[in-house]
């Protein structure tokens, strides 16, 4: 991926310096983000790039160019500048960095079967057909580039002591800004931001009023979904803040297992074979805590999945254990390859207050039981369609006093709920995930970045 660095602010200063024949001795600061990130599009909180800093520089240039200025005037200006309130630089839409609509490709990988791979590479017809889907691939690549920048912001900003609401808002506001679009069905958030802690493996995002605070010894799964025209990029990573390396082994196990799953994936590959390879890697690791050894287990009832337009789980499940599923991956399919490791039972159950919801794809024969639930369903259709959502997103659309109607829709099977899923208390879980595109000749790990 190509690096792009924003330079508009420094050009203003340089032109003033040239006019005054003053040497510029201080080098410009830049921030490297996944090779493709530019300053304009990422560092919202970078004070070195604030507009107020540029005002300070202009004042200094004026002072040094005007020999008649008194030292008293200089001091007043400096004091005035010190008292100025810093402004945060707004994130700019991702489109401004790629005005031609051509976004960075992901990591290309060969398919595992050499005979299949050889056929695909030499088939000009297949390559031609793949090019016909360029708009589709560009949507995924755009979403992936937003994902890389958003998670860079998250990784550099999230600290113990923050509330889960603050963390969720940080991530989701970044997605909205990069997407530059408030219409959820055009582009933006693909599903609720997962921020599951410790023994909670997935499907936790804070509801309004949640007071939960991130602690230094927590292990947090950050699952972010971004879509462009319904093409969903699904990618997750795990964050820890313990300085003693307590979670190093479980994170290494899960990351290596995920990349094993990606390596084994491909056209005509059986899902069982992918799961068997993942399981072998994952269960070769163990974790030590307080002198006790815990084997790291695959969470057997959690899987990867294929993705369709506006549908995050489209029907095929990619197991993380050998489960006997002889279903094959097919050309043109999109898969989220994700693995979960645990020091607990390796099996999760629903527990806790629900925050995740999605509309049932097959509701033609189902009718809302009340006028209020009918109104709520129409709002859900207009704002989210079949994309998953959470209560906070519903409230953002202006909905109030909706819980009774929402529960009615759930009871009648019109809306499906996805509560947090947990292993046994006291255990630890980790997750890594990438979205892959199965092109005719190679696979593309579209969400791959420098971080994972």
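Each Cβ is built from the backbone N, Cα and C atoms, and glycine gets one as well.
What Swiss-Prot says about this protein:
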- 203, 313: substrate binding site (BINDING)
- 223, 234, 433: divalent metal cation 1 binding site (BINDING)
- 234, 305, 338, 433: divalent metal cation 2 binding site (BINDING)
- 8-38: compositional bias 'Basic and acidic residues' (COMPBIAS)
- 39-62: compositional bias 'Acidic residues' (COMPBIAS)
- 74-91: compositional bias 'Basic residues' (COMPBIAS)
- 1-91: region 'Disordered' (REGION)
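Considering only the binding-site residues 203, 305, 313, 338, the residues lying within 10 A of residue 433 (divalent metal cation 1 binding site) on a C-alpha to C-alpha basis are 338.
Under the DSSP three-state reduction, residue 305 (divalent metal cation 2 binding site) is assigned to strand. Cα proximity to residue 313 (substrate binding site) (within 10 Å) is found for the following binding-site residues from 223, 305, 338: 305.
Summary of the divalent metal cation 2 site environment: with the site residues 234, 305, 338, 433 set aside, the chain residues having Cβ atoms within 8 Å of the Cβ mean position are 223, 235, 236, 304, 335, 336, 337, 434, 435. Cβ proximity to the divalent metal cation 1 site centre (mean Cβ of 223, 234, 433, cutoff 8 Å) flags the following additional same-chain residues: 194, 224, 225, 235, 236, 336, 338, 431, 435.
Counting only same-chain residues six or more apart in sequence, the Cβ atoms lying under 8 angstroms from the Cβ of residue 305 (divalent metal cation 2 binding site) belong to 312, 313, 314, 316, 317, 318, 335, 336. Every protein chain shown contributes to the tally, and the Cβ of residue 338 (divalent metal cation 2 binding site) ends up with 26 other Cβ atoms within 10 Å. Restricting the binding-site residues 223, 234, 338 to those with a CA within 10 Å of the CA of residue 203 (substrate binding site) leaves 223, listed by sequence position. Put plainly, the binding-site residues 234, 433 were compared by Cβ crowding within 10 Å, and the winner is 234. When the binding-site residues 203, 313 are scored by other C-beta atoms within 10 Å, 203 scores highest.
Listed in sequence order, 193, 194, 195, 196, 202, 234, 235, 236, 431, 433 are the same-chain residues six or more apart from residue 223 (divalent metal cation 1 binding site) with CB atoms under 8 A from its CB.
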